[in-house]
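Following: one structure in structure tokens, then a few remarks.
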Amino acid sequence: MSHGTYYECEPRAGQQPLEFSGARAGPGELGDMCEHEASIDLSAYIESGEEQLLSDLFAVKPAPEARELKGPGTPAFPHYLPADPRPFTYPPHTFGPDRKALGPGIYSSPGSYDPRAVAVKEEPRGPEGSRGASRSGYNPLQYQVAHCGQTAMHLPPGLASPSQPLRVLKAPLAAAAPPCSPLLKAPSPAGPSHKGKKAVNKDSLEYRLRRERNNIAVRKSRDKAKRRILETQQKVLEYMAENERLRSRVEQLTQELDTLRNLFRQIPEAANLIKGVGGCS
């Protein structure tokens, strides 16, 4: 059985073919065969029982994609790979008014992760901040105003600050044009023509007559209600008397029924007596 590292090749001009007759080859010939293979001396690791040496031996070099995620200035294994001599500078970040980049912090060591490239969004605090954040987002009222053309929205340049209020300038509305949205419906001006009532002096004759008519109507309704109550009570009394009469009638009929039943029970005995009396005579 041949070894895995032995290969068959054509004999050269000045070389004798190898003979496997059981004789052991010299150390020089075997060393030339495995010249391309790398060997690792494990004696130092086997003799010492330290786990750090074994972890250093079986350390796996990370993929290039994983190293690129950490940036060219931060090596994956600072103990084995040298740092990149070229300086790396992060590009300047342009954030909105509600974002800001982290300043220089405690992460100043060359092998540590630099969080300055991460943008942190500040959440608004308090009712003022929540109102400012709601204004900076999508506002359906602004869209409806722009669509209808009935009001003009003027937003100041520093709208991101919650202290500045939102100003709405109303334009004159057409009297015949109805509002296109119920949210933008203009309130009706307070006036006697829109309410349907006019101011009446309490000392005037018209006001007194109206009050008198109202009082008369109230008295009539009350008297009518009282009459209905009396009629209902009268009907209740009549129904109760009728019920009593019906009950007495039922009792009378029950007694008559019992009497008739007793008579029918005595009829056959009377017939037999009559027959017996007729036969004896």
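Just so it is clear, glycine is given a Cβ too, placed from its N, Cα and C backbone atoms.
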Of 1-30, 91-120, the range Swiss-Prot labels region 'Disordered': 1-30
Range among 150-157, 182-189, 230-237, 246-253 that Swiss-Prot annotates as region 'Leucine-zipper': 230-237
Range among 61-81, 208-228 that Swiss-Prot annotates as region 'Basic motif': 208-228
Predicted model, mean pLDDT over the region 'Leucine-zipper' (230-237): 96
